[in-house]
Amino acid sequence: MTDRVLHRSRLRISVVFAAHGAAVGAFATRIPWLQQHLGLSDSTLGVALLAPALGSFVAVPFTSRLVHRFGNLRSLTCLLPLWCASLILPALAPDLPALCLALGMFGATSGMMDVLMNVQGVQIEQRLHRPIVASLHGMWAVGGLVSSGCGALAAGADMDARLHFAVTAAVLAGIGLLAARHLPEADPTEARQPPPRFALPPLATLPIGILGFCAVFAEGASGNWSAVYLTSTANASEGIAALSYTGLSFTLALARLSSGFVVTRLGPVRTVRLSGGFAALGGMLVVLARTPPVAIAGFALIGTGVAVVLPLSLSAAGRHGGDPSRHIAGVATFTYTSSLLAPSVTGAVADAASLPVAFALVTAFAACPLFLASMLARPVQSPRERERAATGGPLLLTQGDSAV
């Protein structure tokens, strides 16, 4: 495969990542609409927001079996329109049980898409012989940023979320399918390996999963509750509140797109420790905030702090050797457990005490990379990368490698 084809493939998978982020961003900005439309309390909303992560948790471990049977690319292109269509379902729900079912379906398709596009990204990364997965997650955040901006405008104009989601789903399905048409298929020698029935993290990737768990908890709680936090605690309008997710998405995008330069300068361990400091500072600002600008700045700093942890973890899992879909799905299962807990735990604590108290807990998780960054000091390499290192060929940086 020529460099030109590989660079085009990188551009195409970047668009798919952006589309995925755009769907999540559209949904996050209209959570206050769903809460008001169905008359849900904070704790009830927290239970409902458990459903997407639960759907992902159930579906993601079976993604490797889907890849084994149909191939990664075919699975991705078939699932993409179904995932976009599932975005519409929560806005159509007439009551809480229907909302939970709709959110579960959205979470299941979104989680499987997450694994499939990360497998595709890792394959392209390995063929390019340089790290790109963090920048792909940066494009995910760019998609969320653009979509959340549109969501803020839609919310400010009192646009019905059913219409908003329908238009968003149609546009994203078209863009995603066009981008995915000519992506390369996964390595066939790896795709033929029999997958496990349930992909749990291998022991070698478990420390990475622990680190990812903490980062995903902070990101998930912030993404799901930022708009509600501003409306209930900082007395913001729905349109202004939607900007909190925009700020989070902006810093996620900026940090991930610039992560290659930062990791090269500082190394992954110091980069993650610095990120933990930003996340802790942002969490403290959110806890103390009583005005929209301070709260938005806090969520933006949380985005900066958690941005690089998950993509670096997934990249390491995909390069672990063997079937990349198995390792990525395994770590994704671990991190989706965090997504499963974050919204509901935040809602339960908010209902029992207050949202600022709930975000004190979120801040504790956000600060964990300060203390857990050393887990990235272990090199995680596939047999192919070890062979390149032995023969003097180009070698991708792994989580444990330092470029300084």
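Glycine too: its Cβ is placed from the backbone N, Cα and C atoms.
Per TrEMBL, transmembrane segment is recorded for 12-33 (among others).
The transmembrane segment annotation in TrEMBL covers 45-64 (among others).
Under the heading transmembrane segment, TrEMBL lists 138-157 (among others).
For the transmembrane segment (163-180), same-chain residues at least 6 beyond its ends with a Cβ under 8 Å from one of its own Cβ atoms are 12-13, 15-16, 19, 22-23, 26-27, 30, 73, 76-77, 80-81, 84-85, 87-88, 90-91, 147, 150-151, 154. The transmembrane segment annotation in TrEMBL covers 163-180 (among others).
Among the features that TrEMBL reports, transmembrane segment is placed at 200-220 (among others).
TrEMBL lists 240-259 (among others) with the feature transmembrane segment.
The transmembrane segment annotation in TrEMBL covers 295-316 (among others). Beyond its flanks by at least six residues, the transmembrane segment (295-316) meets 118, 122, 125, 131, 133-134, 136-138, 141, 205, 208-209, 211-212, 214-216, 218-219, 222, 226, 229-230, 233-234, 236, 243-245, 247-252, 254-256, 259, 262-263, 268, 271-272, 275-287, 289, 328, 331-332, 335, 362, 366, 369, 376, 380, 398-399 of its own chain at Cβ-Cβ distances under 8 Å.
Positions annotated as transmembrane segment by TrEMBL: 328-349 (among others).
Annotated transmembrane segment per TrEMBL: 355-377 (among others), in sequence order.
Annotated region 'Disordered' per TrEMBL: 383-404, in sequence order.
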Inquiry  = Any contact between the transmembrane segment (240-259) and the transmembrane segment (355-377)? By contact I mean 3+ C-beta pairs closer than 8 Å, pairs at least 6 apart along the chain.
reply    = no
Notebook entry, point to check: Do the transmembrane segment (45-64) and the transmembrane segment (328-349) share at least 3 Cβ pairs under 8 Å, sequence separation 6 or more?
Noted result: yes
Residues outside the transmembrane segment (12-33) whose C-beta sits under 8 Å from one of its C-beta atoms, at least 6 past its ends, are 45, 49, 76, 80, 83-84, 87, 90-91, 106, 110, 113-114, 117, 120-121, 124, 135-137, 139-148, 150-152, 154-155, 161, 164-165, 168-169, 172, 175-176, 179-183, 223-224, 226-228, 231, 238, 241-242, 245-246, 249
